[in-house]
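Chemist: Among the features that TrEMBL reports, active site, proton donor is placed at GLU283. The Mg(2+) binding site annotation in TrEMBL covers ASP28, ASN58, ILE60. Under the heading thiamine diphosphate binding site, TrEMBL lists GLY29, ASN58, HIS134, PHE309. Summarising the annotation, TrEMBL assigns substrate binding site to HIS134, ARG229, SER256, HIS333, ASP341, HIS345, ARG392. According to TrEMBL, the domain 'Transketolase-like pyrimidine-binding' annotation covers 226-397. Positions annotated as site 'Important for catalytic activity' by TrEMBL: HIS134.
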Amino acid sequence: MAEAHLAEKFNKPNYSVVDHYSYAICGDGCLMEGISGEASSLAGTLGLGKVIVLYDSNNISIEGSTEIAFREDVAMRYEAYGWQVLKIADGNDIDAIENAIEEAKSETSKPSIIIVKNQIGFGCAAKQGKASAHGEPLGVENILEMKKNFGWKIEPAFYVPDEVYTNMNEHIKKGVSKEEAWNKLFKEYKKAYPELAAEYTKWLSGEIDKKTLLNNEELWSFDKEMATRESSGIMINRLAKLIPNLIGGSADLAPSNKTYMAGKGDFSDEDRSGQNLHFGVRENAMAAIVNGMYAHGGLKVFCSTFFVFSDYMKGAMRLSAIMNLPVAYVLTHDSIGVGEDGPTHQPIEQLAALRSMPNMTVFRPADSKETAAAWYYAVTNGATPTSLVLTRQKLPLYDGDPTRALKGGYILKDSKKDIPDILLMASGSEVELIFKAASELEAKGIDARVISMPSFELFDTQDEAYKESVMPNKVRARVAVEALTSFGWHKYVGLDGDVISLDTFGASGNADTLFKQFGFTVENVVNKAINVLIK
C-alpha cells in the first residue's frame, strides 16, 4: 500500500523512482492466524499486484499433522480473496519456484500466493515429515546421517561450500549495480522534477518542522466545548493540509472516529493517490498494516477504532512499540460515556493495558487543546507510537497554553496557598469533575490544586523538580478520578490518597445516568476528598 501510494505520487514517465515488490514467506501456522485472513482479504480487494507470498505448505505444525486443526483448501480460499494462486509440487525444484515468482510479478492487478509443497526435515530419516522437526533440534547423529544423504562434508561441523560464497557475492554485486542504477535514475529525476525530488527526499527523511507547527495559530485554535473525538477530527484535517504525506483511516468507523480527511481522496484499487484508508472491520490487520507502511518509509500514518477494540490490535501495537514505529492510534469512545452499547463496548482495563506497555505514549486529553497537543506529539515524535484515547461526549474548553499538556501532567487550576491542602488529579472527561469539585471544596475552606494528567508517560519523564512543583511530596492528601480501572494511579496518590475509578464492568444506559450510578459526580469527589483529609 505504501509503495502504491508513493509510486502514484512521485513516478513519472521514464522515472519509476518507487518500484518494488513486497514478499512474505509463511507457513501453515501463519495462515491459520486470523490476521492472515484479514490482511489477505484486504490485499485482494485493493488489487495489490506487487504483493507476493511464498507459502511453505508442509502440513505439519508443532502438535502434529495439520489434519488435526487445519483442513481447508488454501488455494480456493485465496482465489476467493481475489488472488492469483500458483502451485509448486516440489519445494526442491528451484527453477519452478523462480518461474513462479516471475509469473507472479507479471500479474499486476492482483496479489499472488505461490503454494510450495515441502517435506519438513527433508533428508533426515528420523525427522522427515514429522512434528519433531518443527520445534526440536535434529541432534548430532541425525545431522551426520543427513550430511551423508546429501553427500555433504562431515567435517568441519559447520561447513559452507565455496559455491555459496560465490553465489552470494554475485548477488551482492547485482544489488550494488541496482543501487547505482537507481541513484543515477534519481539524479536525472532531480533535474527533470526538482520539486518532486526534494519532496520525496523530505518524506523519506521523516522530518517535521516542529517550529512551523508550533507557530501555526490556526492549528491550535479552539473556541468551544466539544468531544475530543471531534477536536481530533479537526486536528487530522488541519494537519493533512500541513503534512502532505499524512495517511490513515479507520476499521469501518470513520464517521464515529472522526478520522476522514476531507478532499484527500480514498485509497482504492482504482485510485492509489487517496490518503483515506478503508480497512473494513479488520482491526488486527489494520494495526499491522500501518506498522508496515511506516516501516516502508515516506509516510506519516494513523489508524482508528473504538477504544474497546484496541484489544484486537494489541499484538501489532506492541510490535510498533518494540520497533520504535511512531504511528498514531486514534481510539474513541473511551469510557462508560459510550452509553447504551453497554459493557461489551465500554472500555475498563484497556487504558491501564496501554499505559503498562513499554515505549507506548498514551494521551487521554481533557479538552480540545490537550487533543491538539497530543496530535502535535504524535506527528513530531519520531521514537514511539502514540495512542490518543478520546471521548464520545462533549467536554469543556479550559483556559491556558495547550502545549503545557506536553509535560504529561500540569496544574490546570492552582491552589490559593503555595502548598495546597489536597491534590485533585484526573485525565480526560473526569477533569471537569475535579475542576468543579475544587470550587466546592474552596467554599468549605479546603484549598485544592487541580492537576490534569493527559499522559502518564510524558509526566514520568519530567525532571524531579518539575514533578515536585506539580505534586509536592509533603501533600499526602490526594484524590485521582478516572472512569476506568484504578490500576496505575496509586503511584501518584500514594498510601494516603484514594482513587475514584471503575473496577467493574459498566452497564447499558444513558451516559449521564451511568456516570452518576458509578460515582462519577462532583459530590462524590468532594466527599472523597474530605474523607482523605480526615484520615
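Placed from the backbone N, Cα and C atoms, the Cβ positions cover glycine too.
I'd like these features described in context: how deep, what's nearby, how far apart.
Modeler: Its own atom aside, the Cβ of GLU283 (active site, proton donor) has 26 Cβ atoms within 10 angstroms in the protein chains shown.
Non-local contacts of ASN58 (Mg(2+) binding site) by the CB criterion (under 8 A, 6+ apart in sequence, same chain) comprise GLY27, ASP28, LYS117, ASN118, GLN119, ILE120, GLY129.
The DSSP secondary structure for SER256 (substrate binding site) is helix.
Of all Cβ atoms in the shown protein chains, 18 besides its own fall within 10 Å of the Cβ of HIS134 (thiamine diphosphate binding site). Following the DSSP three-state reduction, the secondary structure of HIS134 (thiamine diphosphate binding site) is helix.
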Chemist: Select the closest residue to ARG392 (substrate binding site) from the following recorded positions, measuring between CA atoms: GLY29, ILE60, HIS134, GLU283, PHE309.
Modeler: PHE309
Chemist: Can you give me the same-chain residues 6 or more apart in sequence from HIS333 (substrate binding site) with a CB-CB distance under 8 Å?
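Modeler: Set apart from HIS333 (substrate binding site) by at least 6 residues yet with Cβ under 8 Å, we have ARG229, SER256, PHE306, PHE307, VAL308, HIS345, PRO347, LEU390, THR391, ARG392.
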Chemist: Need this for a regression test: binding-site residues GLY29, HIS134, PHE309, filtered to those with Cα within 10 Å of GLU283 (active site, proton donor). What's left?
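Modeler: Cα filter at 10 Å returns PHE309.
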Chemist: Have a look around ASP341 (substrate binding site) and count the other CB atoms within 10 A of its CB, chains all included.
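Modeler: Result for ASP341 (substrate binding site): 15 neighbouring Cβ atoms inside 10 Å.
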Chemist: List the residues of the same chain that sit at least 6 positions away from PHE309 (thiamine diphosphate binding site) in sequence and have their Cβ under 8 Å from its Cβ, in sequence order, or write 'none'.
Modeler: ALA251, GLU283
